[in-house]
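Trainee: Take this structure, written in structure tokens, and hold onto it; I'll ask about it next.
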Amino acid sequence: MRWKRTIQLLDVHAEGEIGRVAIGGVPKIPGETIAAQLHWLNTDPKGDELRRFLCLEPRGAPIGSVNLLLPARHPDADAAFIILQPDQAHASSGSNSICVTTALLESGIVEMQEPETIVTLETAAGLVKATATCRDGRCEKVKLTMVPSFVHELDVEIDTPHWGKIKADLCYGGIFYALVDVGQINLTIEKANAAGLVQAGMILKELINRDIKVVHPEIPAISGVAYVMFRDTEADGTVRTCTTMWPGRADRSPCGTGNSANLATLHARGKAKVGDVFTSKSIIGSEFEVGLQAVTEVAGRPAVIPTITGRGFTFGLTQVALDPFDPHPGGFALTDVWGPSAGEI
């Protein structure tokens, strides 16, 4: 076979959300830090080419992410990674951290210790401590100690053409979120409403990023609202979530970074304290356990240290390749399955 590029992927999902892990063939990514490498992936044409190669058709699909395993730069880290999605490279993700931890341990890249293995992951947002419960050569569950999460602004009013004025909390949980109580758009979080939730999320994200600028005070490479997450609280205190992702799909997992951001809002409103633990449920009914481990500060702002616990499952091993005569090395996306914003890719 006349392939000019090959990348090996271990297929993993965390509570339903696919996070393929590139375990071989990853090209060298320029940059002295993981944040600098993230910036390169999002600004250099060669970085864009790599993302499109892996994430778009015919090699990719509108669901899931591809995680690039990279050499760690921090002396305390076991591995580093950056998340690639159809829109751009992202700094941090709870479900993808679970996928990466599961892949590292079950592939033997990091030696598994039973009954517990601690893996320190380096991301552009900082270090994530992953505590994996292991038995009989399998990673049964992963508890993540997430990066400090904080509120940018609560109850931001947004003028919308469909729902009038709605309020959103703009918060950081590893990336920036707009958190919206789902009742404001007259929907509930359930499978049958996935398309409507996604459409609303895409509209709101565009409106927010058009009018409001958010930048991490210590990591300028992380800026802009990445996702809109709809939320609701069930009678037993379970937080129901649906994170909407460009160009038009719903996160299948409860969303680790989104729940981290939401935990910051709960703490800011006096609804969560250190030691509290609650359940978050996704649109497909899968669950994360969310805890408030500690409080801290980020650039003088109150912040929380969340924990996210969930499960990862391997389901395949793939080798992605490029034939030198392939007319679509940069991939493509169509609105039939990629959503109404696919034409912007």
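Placement of Cβ uses the backbone N, Cα and C atoms for every residue, glycine included.
Here Swiss-Prot flags S93 as active site, proton acceptor. Among the features that Swiss-Prot reports, active site, proton donor is placed at C255, with the record citing similarity to another entry. Annotation comment: Swiss-Prot describes Q85, G94, S95, D251, G256, T257 as substrate binding site.
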Trainee: These are the recorded positions: Q85, S93. Which one scores highest on other Cβ atoms within 10 Å?
Mentor: S93
Trainee: Of Q85, S93, S95, which recorded positions are close to C255 (active site, proton donor), meaning a Cα within 10 Å of its Cα?
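Mentor: Those close enough are S93, S95.
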Trainee: Suppose we draw a 10 Å sphere around the Cβ of S95 (substrate binding site). How many other Cβ atoms does it contain, all chains included?
Mentor: 34
Trainee: Ten-angstrom check, please: count other Cβ atoms within 10 Å of the Cβ of G94 (substrate binding site), all chains counted.
Mentor: 31
Trainee: Look up D251 (substrate binding site) in the DSSP assignment and report helix, strand or coil.
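Mentor: D251 (substrate binding site) sits in coil per DSSP, no helix or strand.
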Trainee: Sort out the sequence-distant neighbours of G256 (substrate binding site) for me: same chain, 6+ apart, CB within less than 8 Å of its CB, listed by position.
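Mentor: The answer is S93, G94, S95, S97, I98, L144, M146, G173, G174, F288, I308, G310.
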Trainee: Radius 10 Å, atoms counted are CB only; among the recorded positions D251, C255, T257, which position scores highest?
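Mentor: Most Cβ neighbours within 10 Å: T257.
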Trainee: Can you name every residue in this chain, apart from Q85, G94, S95, D251, G256, T257, with its Cβ inside 8 Å of the center of the Cβ atoms of the recorded substrate site?
Mentor: E17, S93, N96, T243, S253, C255, G258
Trainee: List nothing but the largest Cα to Cα distance in Å, as a whole number, among the residues Q85, G94, S95, D251, G256, T257 that the record says bind substrate.
Mentor: 16
